[in-house]
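Noted in TrEMBL for the protein shown:
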- A:12-32: transmembrane segment (TRANSMEM)
- A:44-66: transmembrane segment (TRANSMEM)
- A:78-104: transmembrane segment (TRANSMEM)
- A:116-135: transmembrane segment (TRANSMEM)
- A:174-192: transmembrane segment (TRANSMEM)
- A:223-240: transmembrane segment (TRANSMEM)
- A:260-289: transmembrane segment (TRANSMEM)
- A:301-318: transmembrane segment (TRANSMEM)
Amino acid sequence: MNRLTSNPSFKAMLRQYGGLILALVALCLFFSYQHGAFFSVSNFVNIMIQVTVVAIAAFGMTYVILLGDIDLSVGSMIAVAGMVAAQCFISGFGFMSTLAITLFAGLVMGAINGMLVAKLSLPAFIVTLATMGIYRGAVSLPTQGKPARIDDEMWYIIGNEGISLQPIGIDFEIPYMVVILAVVFILNALLLSKTVFGRRTYLMGGNREAAVYSGIKVDRIRIIIFMLCGLMAAISGVILSARLGSAQVNAGQGYELDAIAAAVLGGTSLAGGAGTMVGTLLGAILIGVINNGMSLMNVEYFYQLIAKGIVIILAVYLDVRSKKART
Amino acid sequence: MSDRQTASDTLLEIRDLTRSFGPVQALRHMNLDIRPGKVHTLLGENGAGKSTLIKILSGLFPPSSGSIRFKGKAYSPASPLEATELGITTIFQELSLSRNLTVAENIYANHEPNSFGFIREKTLYDNARQLIAELDLPIDVLARVDDLSMAQRQLVEIAKGLSRPADLVIMDEPTSSLSDSEAELLFAIIEKLKARGTAIIYISHRMSEIMRISDDITIMRDGEYITTLGKEEADINKLIALMVGRSLDNVFPPRISETPTPNVTPLLEVDQLTAHGFFEDISFKVRPGEILGFFGLVGSGRSDVMKALFGLVPYTGNITIDGKAVTIRNPGEAIKLGLAFVTENRKEEGLVLSHSVGNNISMVALGYFTNSLGFLKTGLERNSALEQVRRLAIKTPNLEFTSGNLSGGNQQKIVLAKWLENKPRILILDEPTRGVDVGAKFEIYTIIRELAAQGTAILLVSSELPEVLGLSDRVIVMHKKQISADLPAENLTQEYVMTHAAGVAHAEGNSQ
């Protein structure tokens with residue numbers, strides 16, 4: 001007998017994500033062949049920076065999709081978080097209190113989504129479609145639709161600087177964004193795969209009725225998960241606004257779709273009950289590689305959109321087919 | 001039988017019909033002769049093979065072997081649609097109505113009057129009105145099905161079935177959701193159909209209505225044809241004896257412990273429990289180590305009582321555990337009080353089929369395998385699950401195996417294991433052996449006995465009467481949402497329990 005499934009061995013992981021990793025390698029080889037600058041450490045760091053905002057939002061989305069729900073308001077929550085931060089700084093708050101208030105705003109927005117879904121039994125698709133509009137509209141309230149500058153040194157450092165490896169003799173800098181991505185990823189992966197909360201999320205997503213009969217507090221878990229999704233969106237919002245040095249009213253527009261795509265590419269089942277953070281991270285990186293490679297090749301943006309869509313359909317189809325073949 | 005009928009007046013003739021699903025023989029050597037203009041009732045317990053027979057006749061699947069002749073010709077419909085076109089209509093128990101459409105739209109679903117694909121609304125509603133008037137049903141054809149009661153929906157279902165010409169109409173428990181007055185409407189329709197020469201295959205568990213409307217009665221048991229009786233040869237006691245008639249020898253493991261005596265303090269006491277529309281005025285006691293059987297026909301309310309005890313149906317009345325009054329509002333509270341509930345639908349309410357055996361077993365008791373930070377102690381969880389796999393002899397390659405790929409018996413044992421992990425004091429078993437093969441059945445019975453011997457109070461709900469009688473210390477019989485009898489199991493006969501369950505105990509007198 002092997003170990004429990006929520007705790008897969010390296011071999012099992014390879015089997016699970018083999019297709020995704022293969023696609024990543026193939027794309028990397030293709031882009032390297034097309035453009036010499038693709039295959040370099042600095043470009044990979046570049047890709048990770050580009051991936052960070054979507055990947056962190058996608059971690060939150062993974063929980064929601066695991067329950068068989070969806071959160072369309074993620075992009076709007078990213079923008080709200082940026083604007084909350086900007087307004088805090090304008091009102092004279094310091095770095096730490098601004099950060100705390102911004103993340104709290106994410107929790108509140110997520111709680112609103114979660115309560116409406118769990119307590120009023122409204123479909124998550126409809127609730128978050130509505131709050132997508134509400135939150136997006138709310139971004140413009142303080143500035144009447146204009147962007148807001150963020151003048152804070154620490155905030156700027158988060159998005160634009162890194163940890164220098166000079167002291168250990170390497171002429172290289174790890175961007176703080178990538179460090180945050182790594183830490184957030186590890187925390188989410190631990191929460192989902194090693195804790196009771198994570199296990200109950202899987203069980204509830206696999207069969208909500210059975211979870212109810214087993215005494216699992218399904219409403220509470222659902223609300224907490226929408227809050228987690230809001231929190232992740234807020235972290236994405238902090239990073240995006242830090243990188244831009246401002247809060248834009250249309251920040252993060254369409255990111256919910258990239259986040260969903262990343263989770264689904266990573267093997268998260270839209271029916272709920274199956275998926276992992278590792279998969280979502282790989283899915284986000286795959287999307288990042290496609291974007292980056294095509295930009296290097298000077299492919300027009302509209303071609304990029306078409307190509308990305310085709311890759312998503314192809315990858316998910318191959319995944320579905322391989323899973324069918326296994327059972 | 002042959003002297004009563006000749007080949008010429010037989011509408012449907014079934015000879016030596018067999019149907020197997022894998023190793024399971026659901027129907028064996030079935031014979032049946034249906035006469036035009038007569039009501040022919042199929043009588044048998046759950047699992048007797050009635051549903052299989054109907055599904056073959058309605059074209060859902062073909063028989064494995066045997067012959068069917070309908071109107072003198074070989075009959076083998078490839079689909080339900082073809083069966084209807086050939087003249088056999090089936091009115092199923094499960095409602096097949098679209099809830100957002102009107103009554104008329106539902107009645108003519110799939111054969112709407114139309115010109116070039118455009119529905120002729122006026123004809124549709126005129127035809128529907130005419131049909132409803134002919135059948136004399138109190139239903140507005142313009143009403144949305146969603147706004148109708150369950151009984152009215154059942155009547156619409158019947159009207160839908162009769163909207164096409166048929167020589168043979170099959171009715172599967174049409175009265176199960178009807179009140180007495182609504183059932184009268186159905187019986188009137190049946191009389192009209194008979195007068196027209198239409199034959200009816202009728203399935204019901206209600207003995208009194210069977211005696212009233214049947215012309216012929218065929219008894220089935222364990223997938224086999226037993227016999228066919230004419231109306232004049234049948235009486236209720238004889239039918240029940242034929243229906244249940246198998247011996248209990250060696251099917252049940254012997255009692256391990258003594259039956260608890262009445263002076264032991266009850267572990268669970270239920271007093272005047274009521275949930276309107278579900279059940280009324282339910283009172284009973286169960287002692288540690290006692291197996292209390294619950295028997296009743298489908299719709300008698302027995303499962304709803306169990307759901308209420310588990311906090312899934314709001315109730316009024318008193319529940320006492322260990323002499324202390326308790327309120328149970330949700331399954332979480334029930335579990336904290338030491339209850340466990342193996343439900344009748346293991347696939348819907350019991351298991352997460354797409355997940356591993358191990359994850360399912362630890363589902364309820366996850367709290368035991370957690371450190372203070374909420375992290376799982378996977379080693380502990382694993383060992384405990386392995387212990388259950390050994391104890392219940394669950395046949396699985398490993399703990400990682402997907403539970404949905406195991407047999408029904410093993411799945412049922414996993415559901416049992418997940419509750420035993422939590423060491424319950426009161427175990428509710430609702431149909432614990434449904435869809436489970438004979439070998440696994442015996443193993444599950446043995447486990448039930450062991451649990452009782454260890455002092456667990458057990459509420460055993462089953463529609464298999466031999467199971468209830470073979471395991472229980474006492475039997476509570478439910479009829480029409482109420483308790484109709486509370487009987488010590490010793491020397492209890494199936495016939496006697498059945499008369500209480502069918503609500504004919506008074507009409508027949510005290511036969512014990």
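Glycine is treated like the rest: Cβ placed from N, Cα and C.
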Query = Hey, which of A:174-192, A:223-240, A:260-289 has the most Cβ-Cβ pairs under 8 Å against the transmembrane segment (A:116-135)?
reply = A:223-240
Task = Sort out the residues at least 6 away from either end of the transmembrane segment (A:223-240), same chain, that have Cβ-Cβ distances under 8 Å to it, and list them.
result = 52-54, 56-57, 59-61, 63-64, 66-67, 69, 71, 73-74, 77-82, 85, 99, 102-103, 105-111, 113-115, 117-119, 155, 158-159, 177, 180, 184, 188, 197, 201, 251-252, 255
Key: Sequence-remote partners of the transmembrane segment (A:174-192) [C-beta within less than 8 Å, at least six residues beyond its ends]   = 45, 48-49, 51-52, 55-56, 59, 62-63, 66, 157-159, 161-163, 165, 198, 201, 232, 235, 239, 243, 276-278, 281
Message = Can you tell me which parts of the same chain pack against the transmembrane segment (A:301-318), counting only residues 6+ beyond its ends and a CB-CB cutoff under 8 A?
response = 19-20, 23, 261, 264-265, 286-287, 290-291, 294-295
Task = Please give the sequence-distant neighbours of the transmembrane segment (A:44-66): residues at least 6 beyond its ends with Cβ less than 8 Å from one of its Cβ atoms.
result = 74-75, 78, 124, 174-175, 177-178, 180-181, 184-185, 188, 192, 201-202, 205, 225-226, 228-233, 235-236, 239-240, 243, 252, 255-256, 258-260, 262-264, 266, 268-270, 272-277, 280-281, 283-285, 287-289, 291-292
